[in-house]
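Residues annotated as FAD binding site in TrEMBL: Tyr135, Thr147, Ser148, Leu149, Leu150, Ser151, Phe190, Asp290, Ala291, Asp292. The feature domain 'Photolyase/cryptochrome alpha/beta' is assigned by TrEMBL to 2-64. The feature domain 'Cryptochrome/DNA photolyase FAD-binding' is assigned by TrEMBL to 190-386. Here TrEMBL flags Trp224, Trp277, Trp300 as site 'Electron transfer via tryptophanyl radical'.
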Amino acid sequence: MKVVYNHLYDPVSLVRDHYITQKLGETGVSVQSYNAELLHEPWEVYDDNGNAFTTFDAYCDHKCLKLETGPGINLPPCSLVQATGNVKKCLIDELGLEDESEKSSNALLGRVWSPGWANADKAFTRFIENHLLNYSKDRFRLHGNCTSLLSPYLHFGELSVRKLIVSVLMKQAVWRNEKNFVGVSSANHFLKAMRLREYSRYICFNFPFTHERPLLSSLKYFPWSADQANFKAWRQGRTGYPLVDAGMRELWATGWIHNRIRVIVSSFFVKFLVLPWQWGIRYFWDTLLDADLENDILGWQYISGSLPDGHALERMDIPQVQGFKYDPDGDYIRQWLPELAQIPCEWIHHPYDAPEYVLESAGVDLGSNYPKPIIDIDLARARLTECISIMRGKELSAKADGLTEEQVFDNYDTNVNLSIPSAVVKGKISLFPDAWSRYQQDSESLIITKKKEKSSEGERLVVVEDSGGERSKMDDELRSTAESCFDKRQATSSATPFPFPLNCSSNIPGAAHLHTRRNHAVDCQESFDV
(Lines of atoms letter the chains of each structure in order from A and count residues from 1; the text may use other names and numbers.)
(Lines give C-alpha, C1' and ligand atoms only; values in the text may rest on other atoms or scores of the structure.)
Protein backbone atom coordinates (compact mmCIF):
# COMPACT_ATOMS: atom_id res chain seq x y z
CA MET A 1 0.00 0.00 0.00
CA LYS A 2 1.19 3.53 -0.79
CA VAL A 3 -0.01 6.95 0.35
CA VAL A 4 0.70 9.97 -1.85
CA TYR A 5 -0.01 13.62 -1.03
CA ASN A 6 1.00 17.16 -1.97
CA HIS A 7 3.29 18.58 0.68
CA LEU A 8 3.15 22.02 2.31
CA TYR A 9 5.89 24.18 3.80
CA ASP A 10 4.70 25.80 7.02
CA PRO A 11 6.22 24.41 10.25
CA VAL A 12 2.91 23.04 11.52
CA SER A 13 2.37 20.96 8.38
CA LEU A 14 5.99 19.82 8.24
CA VAL A 15 5.83 18.49 11.79
CA ARG A 16 2.47 16.84 11.21
CA ASP A 17 3.43 15.27 7.88
CA HIS A 18 6.68 13.90 9.26
CA TYR A 19 4.85 12.37 12.21
CA ILE A 20 2.22 10.74 9.98
CA THR A 21 4.85 9.48 7.54
CA GLN A 22 6.77 7.97 10.42
CA LYS A 23 3.69 6.22 11.82
CA LEU A 24 2.61 4.91 8.42
CA GLY A 25 6.12 3.59 7.83
CA GLU A 26 5.92 1.64 11.06
CA THR A 27 2.87 -0.17 9.67
CA GLY A 28 4.56 -0.95 6.37
CA VAL A 29 2.83 1.76 4.33
CA SER A 30 5.08 3.71 1.97
CA VAL A 31 4.55 7.46 1.59
CA GLN A 32 5.49 9.81 -1.24
CA SER A 33 4.81 13.54 -1.43
CA TYR A 34 4.76 15.92 -4.38
CA ASN A 35 5.03 19.66 -4.98
CA ALA A 36 1.75 21.14 -6.17
CA GLU A 37 2.12 24.53 -4.47
CA LEU A 38 5.22 26.09 -6.01
CA LEU A 39 7.18 26.34 -9.22
CA HIS A 40 10.39 25.73 -7.29
CA GLU A 41 10.94 23.95 -3.99
CA PRO A 42 12.26 26.23 -1.21
CA TRP A 43 15.46 24.19 -0.94
CA GLU A 44 16.19 24.77 -4.63
CA VAL A 45 16.62 28.54 -4.31
CA TYR A 46 19.73 29.72 -2.43
CA ASP A 47 22.49 32.22 -3.10
CA ASP A 48 26.02 31.27 -4.15
CA ASN A 49 26.99 30.68 -0.52
CA GLY A 50 24.08 28.34 0.14
CA ASN A 51 22.15 30.89 2.20
CA ALA A 52 18.45 31.63 1.95
CA PHE A 53 17.45 34.94 0.43
CA THR A 54 15.84 37.42 2.84
CA THR A 55 14.65 40.06 0.36
CA PHE A 56 11.96 39.66 -2.25
CA ASP A 57 13.95 41.26 -5.09
CA ALA A 58 16.94 38.99 -4.56
CA TYR A 59 14.67 35.96 -4.51
CA CYS A 60 12.92 37.00 -7.73
CA ASP A 61 16.20 37.71 -9.51
CA HIS A 62 17.24 34.11 -8.91
CA LYS A 63 14.60 31.91 -10.50
CA CYS A 64 11.19 32.73 -9.06
CA LEU A 65 8.42 32.06 -11.58
CA LYS A 66 10.91 31.18 -14.29
CA LEU A 67 9.14 28.25 -15.93
CA GLU A 68 11.58 25.59 -17.05
CA THR A 69 8.85 23.64 -18.80
CA GLY A 70 5.57 24.53 -20.41
CA PRO A 71 2.13 23.55 -19.17
CA GLY A 72 1.85 19.86 -18.42
CA ILE A 73 -0.47 17.45 -20.17
CA ASN A 74 -3.12 15.84 -18.01
CA LEU A 75 -2.80 12.09 -17.64
CA PRO A 76 -5.73 10.05 -18.95
CA PRO A 77 -8.24 9.20 -16.22
CA CYS A 78 -8.16 5.75 -14.72
CA SER A 79 -10.66 3.77 -12.72
CA LEU A 80 -10.45 3.84 -8.96
CA VAL A 81 -9.84 0.57 -7.21
CA GLN A 82 -12.86 -0.51 -5.24
CA ALA A 83 -12.21 -0.18 -1.52
CA THR A 84 -12.31 -3.38 0.47
CA GLY A 85 -14.00 -3.81 3.78
CA ASN A 86 -16.90 -1.87 5.24
CA VAL A 87 -16.59 1.80 4.26
CA LYS A 88 -19.18 3.90 6.03
CA LYS A 89 -20.81 6.66 4.01
CA CYS A 90 -22.50 9.76 5.34
CA LEU A 91 -23.97 12.98 4.02
CA ILE A 92 -22.12 16.21 4.69
CA ASP A 93 -25.10 17.47 6.68
CA GLU A 94 -24.60 14.57 9.09
CA LEU A 95 -21.16 15.88 10.07
CA GLY A 96 -22.68 18.71 12.09
CA LEU A 97 -20.52 21.41 10.51
CA GLU A 98 -23.38 23.91 10.45
CA ASP A 99 -26.23 24.57 12.85
CA GLU A 100 -29.41 26.54 12.27
CA SER A 101 -28.03 29.79 13.70
CA GLU A 102 -25.21 29.81 11.16
CA LYS A 103 -27.19 29.23 7.97
CA SER A 104 -28.06 32.88 7.32
CA SER A 105 -24.49 34.09 7.67
CA ASN A 106 -23.19 31.17 5.62
CA ALA A 107 -25.59 32.21 2.87
CA LEU A 108 -23.86 35.61 2.80
CA LEU A 109 -20.52 33.92 2.23
CA GLY A 110 -22.04 31.86 -0.55
CA ARG A 111 -22.69 35.02 -2.55
CA VAL A 112 -18.99 35.60 -3.10
CA TRP A 113 -17.48 32.15 -2.74
CA SER A 114 -18.71 28.70 -3.70
CA PRO A 115 -16.30 25.84 -2.93
CA GLY A 116 -15.30 23.12 -5.33
CA TRP A 117 -13.21 22.61 -8.45
CA ALA A 118 -16.03 23.51 -10.86
CA ASN A 119 -16.60 26.88 -9.20
CA ALA A 120 -12.86 27.50 -9.02
CA ASP A 121 -12.56 26.85 -12.75
CA LYS A 122 -15.42 29.24 -13.50
CA ALA A 123 -13.84 31.98 -11.37
CA PHE A 124 -10.47 31.34 -13.00
CA THR A 125 -11.89 31.56 -16.54
CA ARG A 126 -13.90 34.68 -15.69
CA PHE A 127 -10.82 36.44 -14.34
CA ILE A 128 -8.49 35.47 -17.19
CA GLU A 129 -10.97 36.37 -19.93
CA ASN A 130 -12.71 39.42 -18.44
CA HIS A 131 -10.76 41.05 -15.61
CA LEU A 132 -7.05 40.39 -16.08
CA LEU A 133 -6.73 42.95 -18.89
CA ASN A 134 -7.54 45.89 -16.60
CA TYR A 135 -6.03 44.44 -13.44
CA SER A 136 -3.27 47.07 -13.31
CA LYS A 137 -5.84 49.89 -13.29
CA ASP A 138 -8.56 48.29 -11.17
CA ARG A 139 -6.62 46.40 -8.52
CA PHE A 140 -6.62 49.27 -6.01
CA ARG A 141 -10.33 50.03 -6.25
CA LEU A 142 -11.96 49.19 -2.93
CA HIS A 143 -15.58 49.29 -4.03
CA GLY A 144 -16.65 46.32 -6.12
CA ASN A 145 -14.84 43.10 -6.98
CA CYS A 146 -11.69 44.38 -8.66
CA THR A 147 -9.18 41.70 -7.70
CA SER A 148 -9.07 38.11 -8.86
CA LEU A 149 -10.95 36.66 -5.85
CA LEU A 150 -9.07 33.43 -6.51
CA SER A 151 -7.23 33.24 -3.20
CA PRO A 152 -9.64 30.81 -1.45
CA TYR A 153 -9.42 28.42 -4.39
CA LEU A 154 -5.63 28.61 -4.41
CA HIS A 155 -5.48 28.05 -0.67
CA PHE A 156 -7.61 24.91 -0.74
CA GLY A 157 -5.92 23.44 -3.80
CA GLU A 158 -9.01 23.79 -5.98
CA LEU A 159 -7.05 25.78 -8.55
CA SER A 160 -3.63 24.85 -9.92
CA VAL A 161 -1.00 27.50 -9.28
CA ARG A 162 0.96 26.37 -12.33
CA LYS A 163 -2.13 26.49 -14.54
CA LEU A 164 -2.90 30.02 -13.36
CA ILE A 165 0.63 31.30 -13.94
CA VAL A 166 0.94 29.65 -17.35
CA SER A 167 -2.42 31.09 -18.43
CA VAL A 168 -1.39 34.60 -17.40
CA LEU A 169 1.96 34.26 -19.18
CA MET A 170 0.21 33.08 -22.34
CA LYS A 171 -2.18 36.04 -22.21
CA GLN A 172 0.74 38.37 -21.66
CA ALA A 173 2.55 36.97 -24.71
CA VAL A 174 -0.51 37.65 -26.87
CA TRP A 175 -0.85 41.20 -25.54
CA ARG A 176 2.85 41.85 -26.03
CA ASN A 177 2.59 40.72 -29.64
CA GLU A 178 -0.42 43.03 -30.09
CA LYS A 179 1.45 45.89 -28.37
CA ASN A 180 -1.31 46.02 -25.76
CA PHE A 181 0.79 47.59 -23.03
CA VAL A 182 -2.10 47.84 -20.57
CA GLY A 183 -2.54 44.07 -20.73
CA VAL A 184 1.20 43.45 -20.43
CA SER A 185 1.34 45.69 -17.36
CA SER A 186 -1.68 43.96 -15.82
CA ALA A 187 -0.08 40.55 -16.27
CA ASN A 188 3.14 41.81 -14.67
CA HIS A 189 1.28 43.13 -11.64
CA PHE A 190 -0.63 39.90 -11.19
CA LEU A 191 2.49 37.78 -11.59
CA LYS A 192 4.19 39.87 -8.91
CA ALA A 193 1.36 38.95 -6.55
CA MET A 194 1.95 35.30 -7.40
CA ARG A 195 5.67 35.75 -6.77
CA LEU A 196 4.85 37.10 -3.32
CA ARG A 197 2.77 34.00 -2.65
CA GLU A 198 5.70 31.81 -3.70
CA TYR A 199 8.09 33.89 -1.60
CA SER A 200 5.87 33.53 1.48
CA ARG A 201 6.30 29.73 1.32
CA TYR A 202 10.02 30.18 0.84
CA ILE A 203 10.36 32.39 3.92
CA CYS A 204 8.15 30.14 6.04
CA PHE A 205 10.17 27.05 5.14
CA ASN A 206 13.63 28.55 5.61
CA PHE A 207 12.68 30.56 8.72
CA PRO A 208 10.03 28.40 10.42
CA PHE A 209 9.73 30.70 13.45
CA THR A 210 8.29 33.62 11.48
CA HIS A 211 4.71 32.97 12.58
CA GLU A 212 5.65 34.59 15.90
CA ARG A 213 9.13 36.11 15.60
CA PRO A 214 10.45 38.71 13.15
CA LEU A 215 13.16 38.24 10.60
CA LEU A 216 14.98 41.26 12.07
CA SER A 217 16.45 40.74 15.53
CA SER A 218 16.05 44.34 16.73
CA LEU A 219 12.28 43.86 17.13
CA LYS A 220 13.02 41.76 20.20
CA TYR A 221 13.33 44.98 22.16
CA PHE A 222 10.23 46.74 20.83
CA PRO A 223 7.88 47.61 23.74
CA TRP A 224 4.60 46.28 22.38
CA SER A 225 1.42 47.40 24.13
CA ALA A 226 -0.93 44.79 25.59
CA ASP A 227 -3.93 47.12 25.49
CA GLN A 228 -6.88 44.77 25.35
CA ALA A 229 -9.42 47.59 24.97
CA ASN A 230 -7.68 48.87 21.85
CA PHE A 231 -7.51 45.34 20.46
CA LYS A 232 -11.24 44.96 20.99
CA ALA A 233 -12.03 48.31 19.36
CA TRP A 234 -9.94 47.37 16.33
CA ARG A 235 -11.69 44.00 15.97
CA GLN A 236 -15.12 45.60 16.25
CA GLY A 237 -14.45 48.41 13.77
CA ARG A 238 -14.81 51.09 16.45
CA THR A 239 -11.51 52.98 16.19
CA GLY A 240 -13.00 56.26 14.96
CA TYR A 241 -11.04 56.07 11.71
CA PRO A 242 -13.62 55.28 8.98
CA LEU A 243 -11.41 53.38 6.53
CA VAL A 244 -10.07 51.11 9.27
CA ASP A 245 -13.53 50.56 10.74
CA ALA A 246 -15.12 49.83 7.36
CA GLY A 247 -12.46 47.24 6.62
CA MET A 248 -12.85 45.48 9.95
CA ARG A 249 -16.63 45.37 9.66
CA GLU A 250 -16.44 43.98 6.14
CA LEU A 251 -14.02 41.33 7.38
CA TRP A 252 -16.39 40.34 10.16
CA ALA A 253 -19.45 40.25 7.92
CA THR A 254 -17.99 38.55 4.83
CA GLY A 255 -14.72 36.85 5.76
CA TRP A 256 -12.84 38.79 3.09
CA ILE A 257 -11.25 42.22 2.57
CA HIS A 258 -9.30 43.82 -0.25
CA ASN A 259 -5.52 43.48 -0.17
CA ARG A 260 -5.10 47.24 0.27
CA ILE A 261 -7.49 47.23 3.22
CA ARG A 262 -5.53 44.37 4.78
CA VAL A 263 -2.42 46.52 4.62
CA ILE A 264 -4.20 49.59 6.03
CA VAL A 265 -5.87 47.86 9.00
CA SER A 266 -2.68 45.93 9.78
CA SER A 267 -0.54 49.06 9.64
CA PHE A 268 -2.98 50.87 11.94
CA PHE A 269 -2.89 47.93 14.33
CA VAL A 270 0.90 47.98 14.59
CA LYS A 271 1.84 51.64 14.11
CA PHE A 272 -1.08 53.48 15.75
CA LEU A 273 -2.07 51.02 18.47
CA VAL A 274 1.39 49.45 18.96
CA LEU A 275 -0.27 46.05 19.41
CA PRO A 276 1.80 42.89 18.80
CA TRP A 277 1.50 41.84 15.18
CA GLN A 278 1.17 38.24 16.34
CA TRP A 279 -2.28 39.10 17.71
CA GLY A 280 -3.31 40.47 14.33
CA ILE A 281 -2.15 37.45 12.38
CA ARG A 282 -4.16 35.20 14.69
CA TYR A 283 -7.28 37.31 14.20
CA PHE A 284 -6.84 37.19 10.44
CA TRP A 285 -6.51 33.42 10.69
CA ASP A 286 -9.80 33.20 12.55
CA THR A 287 -11.79 35.50 10.29
CA LEU A 288 -10.46 35.44 6.73
CA LEU A 289 -12.14 33.03 4.36
CA ASP A 290 -8.87 32.74 2.45
CA ALA A 291 -6.70 32.74 5.59
CA ASP A 292 -3.29 31.51 4.56
CA LEU A 293 -0.59 31.14 7.18
CA GLU A 294 2.38 31.87 4.93
CA ASN A 295 0.78 34.81 3.11
CA ASP A 296 -0.38 36.38 6.35
CA ILE A 297 3.01 35.90 7.99
CA LEU A 298 4.69 37.72 5.10
CA GLY A 299 2.09 40.49 5.09
CA TRP A 300 2.16 41.20 8.83
CA GLN A 301 5.94 41.04 9.03
CA TYR A 302 6.18 43.35 6.03
CA ILE A 303 4.05 46.15 7.49
CA SER A 304 5.50 45.83 11.00
CA GLY A 305 9.07 46.49 9.91
CA SER A 306 10.10 42.91 10.63
CA LEU A 307 11.55 42.20 7.18
CA PRO A 308 14.77 43.61 5.71
CA ASP A 309 12.82 44.97 2.72
CA GLY A 310 9.52 45.70 4.49
CA HIS A 311 7.93 48.97 5.53
CA ALA A 312 10.22 51.05 7.71
CA LEU A 313 9.14 50.79 11.33
CA GLU A 314 8.86 54.59 11.42
CA ARG A 315 6.43 54.68 8.49
CA MET A 316 2.83 55.58 9.36
CA ASP A 317 0.07 55.33 6.77
CA ILE A 318 -2.57 57.88 7.80
CA PRO A 319 -6.06 56.37 7.26
CA GLN A 320 -7.46 59.71 6.09
CA VAL A 321 -4.82 60.01 3.37
CA GLN A 322 -5.26 56.39 2.33
CA GLY A 323 -9.01 56.89 2.20
CA PHE A 324 -8.90 59.80 -0.22
CA LYS A 325 -6.39 57.89 -2.33
CA TYR A 326 -8.25 54.59 -2.64
CA ASP A 327 -11.87 55.56 -1.91
CA PRO A 328 -12.14 59.21 -3.03
CA ASP A 329 -15.94 59.20 -3.29
CA GLY A 330 -16.45 57.39 0.00
CA ASP A 331 -18.49 54.57 -1.56
CA TYR A 332 -16.67 51.90 0.45
CA ILE A 333 -17.14 53.84 3.70
CA ARG A 334 -20.86 54.34 3.09
CA GLN A 335 -21.35 50.66 2.33
CA TRP A 336 -19.89 49.44 5.61
CA LEU A 337 -20.48 52.44 7.90
CA PRO A 338 -24.11 53.40 7.24
CA GLU A 339 -24.01 55.81 10.18
CA LEU A 340 -21.66 57.98 8.09
CA ALA A 341 -23.61 57.64 4.83
CA GLN A 342 -24.79 61.28 4.83
CA ILE A 343 -21.35 62.78 5.47
CA PRO A 344 -20.11 64.80 2.45
CA CYS A 345 -17.14 63.39 0.54
CA GLU A 346 -14.99 66.22 1.88
CA TRP A 347 -15.29 64.86 5.43
CA ILE A 348 -16.13 61.19 4.91
CA HIS A 349 -12.62 59.99 5.78
CA HIS A 350 -12.11 62.31 8.76
CA PRO A 351 -15.48 63.18 10.32
CA TYR A 352 -13.67 64.13 13.53
CA ASP A 353 -12.50 67.31 11.74
CA ALA A 354 -15.90 68.20 10.28
CA PRO A 355 -17.75 71.32 11.49
CA GLU A 356 -20.54 70.68 13.96
CA TYR A 357 -23.26 71.73 11.51
CA VAL A 358 -22.01 69.15 8.98
CA LEU A 359 -22.20 66.39 11.57
CA GLU A 360 -25.65 67.47 12.71
CA SER A 361 -27.06 67.57 9.19
CA ALA A 362 -25.61 64.09 8.56
CA GLY A 363 -27.06 62.71 11.78
CA VAL A 364 -23.64 61.92 13.22
CA ASP A 365 -22.98 62.30 16.92
CA LEU A 366 -19.32 61.54 17.55
CA GLY A 367 -18.91 59.49 20.68
CA SER A 368 -22.48 58.27 20.42
CA ASN A 369 -23.46 56.67 17.09
CA TYR A 370 -19.88 56.75 15.81
CA PRO A 371 -16.78 56.73 18.02
CA LYS A 372 -14.26 59.50 18.36
CA PRO A 373 -10.72 58.59 17.24
CA ILE A 374 -9.23 56.01 19.56
CA ILE A 375 -5.94 57.91 19.46
CA ASP A 376 -4.84 61.24 18.01
CA ILE A 377 -2.58 60.98 14.96
CA ASP A 378 0.13 63.21 16.42
CA LEU A 379 0.03 61.31 19.71
CA ALA A 380 0.28 57.99 17.87
CA ARG A 381 3.27 59.24 15.89
CA ALA A 382 4.99 60.48 19.06
CA ARG A 383 4.34 57.18 20.84
CA LEU A 384 5.69 55.14 17.93
CA THR A 385 8.82 57.31 17.84
CA GLU A 386 9.29 56.80 21.57
CA CYS A 387 8.88 53.03 21.24
CA ILE A 388 11.45 52.91 18.46
CA SER A 389 13.84 54.96 20.58
CA ILE A 390 13.39 52.57 23.51
CA MET A 391 13.94 49.58 21.22
CA ARG A 392 17.15 50.96 19.77
CA GLY A 393 18.44 52.02 23.16
CA LYS A 394 17.92 48.55 24.60
CA GLU A 395 19.51 46.95 21.56
CA LEU A 396 22.61 49.16 21.85
CA SER A 397 22.89 48.42 25.57
CA ALA A 398 22.61 44.70 24.96
CA LYS A 399 25.27 44.83 22.26
CA ALA A 400 27.56 46.85 24.50
CA ASP A 401 27.17 44.23 27.21
CA GLY A 402 27.84 41.45 24.72
CA LEU A 403 24.39 39.99 25.31
CA THR A 404 23.21 39.92 21.74
CA GLU A 405 24.32 39.05 18.28
CA GLU A 406 22.69 39.10 14.86
CA GLN A 407 19.95 36.52 15.18
CA VAL A 408 16.21 36.43 14.78
CA PHE A 409 13.76 36.48 17.63
CA ASP A 410 11.05 38.59 19.21
CA ASN A 411 9.99 39.47 22.74
CA TYR A 412 7.98 36.25 22.96
CA ASP A 413 9.12 35.54 26.50
CA THR A 414 7.93 38.99 27.58
CA ASN A 415 4.53 38.69 25.96
CA VAL A 416 3.97 35.09 26.99
CA ASN A 417 2.97 36.16 30.50
CA LEU A 418 0.26 38.55 29.33
CA SER A 419 -3.26 37.46 30.15
CA ILE A 420 -5.23 38.28 27.01
CA PRO A 421 -8.95 37.47 26.84
CA SER A 422 -9.89 35.69 23.64
CA ALA A 423 -13.31 35.22 22.11
CA VAL A 424 -13.20 31.62 20.97
CA VAL A 425 -15.27 30.39 18.06
CA LYS A 426 -16.14 26.95 19.38
CA GLY A 427 -13.31 26.33 21.77
CA LYS A 428 -11.89 23.55 19.66
CA ILE A 429 -10.04 25.08 16.71
CA SER A 430 -6.39 25.97 17.11
CA LEU A 431 -3.87 27.15 14.57
CA PHE A 432 -1.39 24.70 16.02
CA PRO A 433 -2.47 21.03 16.01
CA ASP A 434 -1.36 18.33 18.39
CA ALA A 435 1.73 17.77 16.28
CA TRP A 436 3.22 20.71 18.13
CA SER A 437 3.02 18.95 21.48
CA ARG A 438 4.42 15.82 19.89
CA TYR A 439 7.26 17.90 18.52
CA GLN A 440 7.90 19.22 22.03
CA GLN A 441 8.02 15.71 23.45
CA ASP A 442 10.31 14.41 20.75
CA SER A 443 12.11 17.33 19.16
CA GLU A 444 14.41 15.01 17.26
CA SER A 445 11.52 13.61 15.25
CA LEU A 446 11.43 16.60 12.93
CA ILE A 447 14.05 16.15 10.24
CA ILE A 448 14.03 18.49 7.28
CA THR A 449 16.63 17.74 4.61
CA LYS A 450 18.01 20.76 2.75
CA LYS A 451 20.79 21.31 0.28
CA LYS A 452 22.92 22.93 2.92
CA GLU A 453 23.76 22.53 6.58
CA LYS A 454 22.92 25.48 8.77
CA SER A 455 22.75 26.23 12.46
CA SER A 456 19.31 26.00 14.00
CA GLU A 457 20.16 28.43 16.77
CA GLY A 458 17.53 31.12 16.98
CA GLU A 459 15.21 29.10 14.75
CA ARG A 460 13.35 27.03 17.32
CA LEU A 461 9.71 26.19 16.81
CA VAL A 462 7.79 27.64 19.73
CA VAL A 463 5.12 25.30 21.01
CA VAL A 464 1.70 26.87 21.41
CA GLU A 465 -1.23 24.86 22.66
CA ASP A 466 -4.93 25.66 22.92
CA SER A 467 -5.98 26.72 26.37
CA GLY A 468 -9.30 24.93 26.05
CA GLY A 469 -11.04 27.47 28.25
CA GLU A 470 -14.55 27.00 29.55
CA ARG A 471 -17.48 28.36 27.59
CA SER A 472 -19.20 31.44 28.94
CA LYS A 473 -21.56 34.04 27.49
CA MET A 474 -19.99 37.09 25.95
CA ASP A 475 -21.44 40.38 27.17
CA ASP A 476 -22.97 42.92 24.81
CA GLU A 477 -19.99 45.25 25.16
CA LEU A 478 -17.81 42.79 23.25
CA ARG A 479 -20.20 42.48 20.35
CA SER A 480 -19.02 44.33 17.25
CA THR A 481 -21.22 46.61 15.18
CA ALA A 482 -21.07 44.27 12.20
CA GLU A 483 -21.69 41.32 14.48
CA SER A 484 -24.88 42.84 15.83
CA CYS A 485 -26.38 42.71 12.33
CA PHE A 486 -26.60 38.95 12.57
CA ASP A 487 -28.61 36.64 14.77
CA LYS A 488 -25.80 34.40 15.91
CA ARG A 489 -24.89 32.27 18.88
CA GLN A 490 -23.38 33.77 22.00
CA ALA A 491 -19.62 33.44 21.84
CA THR A 492 -17.28 32.13 24.44
CA SER A 493 -14.40 33.92 26.09
CA SER A 494 -11.44 32.70 28.06
CA ALA A 495 -8.17 33.94 29.42
CA THR A 496 -4.95 32.68 27.92
CA PRO A 497 -1.35 33.22 28.98
CA PHE A 498 -0.16 33.23 25.37
CA PRO A 499 1.11 36.39 23.70
CA PHE A 500 -1.87 36.57 21.40
CA PRO A 501 -5.39 35.14 21.48
CA LEU A 502 -5.55 31.61 20.15
CA ASN A 503 -8.94 32.15 18.55
CA CYS A 504 -9.73 35.81 18.95
CA SER A 505 -12.84 36.01 16.83
CA SER A 506 -16.30 35.22 18.08
CA ASN A 507 -19.35 33.97 16.25
CA ILE A 508 -17.71 34.49 12.90
CA PRO A 509 -20.29 34.80 10.14
CA GLY A 510 -20.08 31.63 8.11
CA ALA A 511 -18.53 29.79 11.02
CA ALA A 512 -19.29 26.43 9.48
CA HIS A 513 -17.28 27.28 6.38
CA LEU A 514 -14.48 28.60 8.52
CA HIS A 515 -14.55 25.60 10.84
CA THR A 516 -14.48 23.31 7.82
CA ARG A 517 -11.52 25.21 6.40
CA ARG A 518 -9.54 25.16 9.63
CA ASN A 519 -10.27 21.52 10.36
CA HIS A 520 -9.24 20.75 6.79
CA ALA A 521 -6.06 22.75 7.28
CA VAL A 522 -5.21 20.86 10.45
CA ASP A 523 -6.26 17.44 9.23
CA CYS A 524 -4.76 17.53 5.75
CA GLN A 525 -2.82 20.66 5.39
CA GLU A 526 -2.77 34.99 0.03
CA SER A 527 -0.23 39.39 1.25
CA PHE A 528 -2.43 38.90 1.18
CA ASP A 529 -4.99 38.19 -1.55
CA VAL A 530 -4.08 38.34 -5.24
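Each Cβ is built from the backbone N, Cα and C atoms, and glycine gets one as well.
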Can you tell which of Tyr135, Phe190, Trp224, Trp277, Trp300 has the most other C-beta atoms within 10 Å, given these are the recorded positions?
Trp300
Looking only at the recorded positions Tyr135, Ser148, Phe190, Ala291, Trp300, Trp224 (site 'Electron transfer via tryptophanyl radical') has its closest CA neighbour at Trp300
Max Cα-Cα distance in Å among Tyr135, Thr147, Ser148, Leu149, Leu150, Ser151, Phe190, Asp290, Ala291, Asp292, the residues listed as binding FAD?
22
What is the separation, in Å, between the Cα atoms of Trp300 (site 'Electron transfer via tryptophanyl radical') and Leu150 (FAD binding site)?
21
Taking DSSP helix as H, G and I and strand as E and B, the domain 'Photolyase/cryptochrome alpha/beta' (2-64) has 26 helix, 10 strand, 27 coil
Within 10 Å of the Cβ of Ala291 (FAD binding site), how many other Cβ atoms can you find? Include all protein chains, please.
23
On the domain 'Photolyase/cryptochrome alpha/beta' (2-64), the mean of the pLDDT values is 90
Under a three-state reduction of DSSP output, how is Phe190 (FAD binding site) classified: helix, strand, or coil?
helix
Protein Cβ atoms within 10 Å of Ser148 (FAD binding site), excluding its own
25
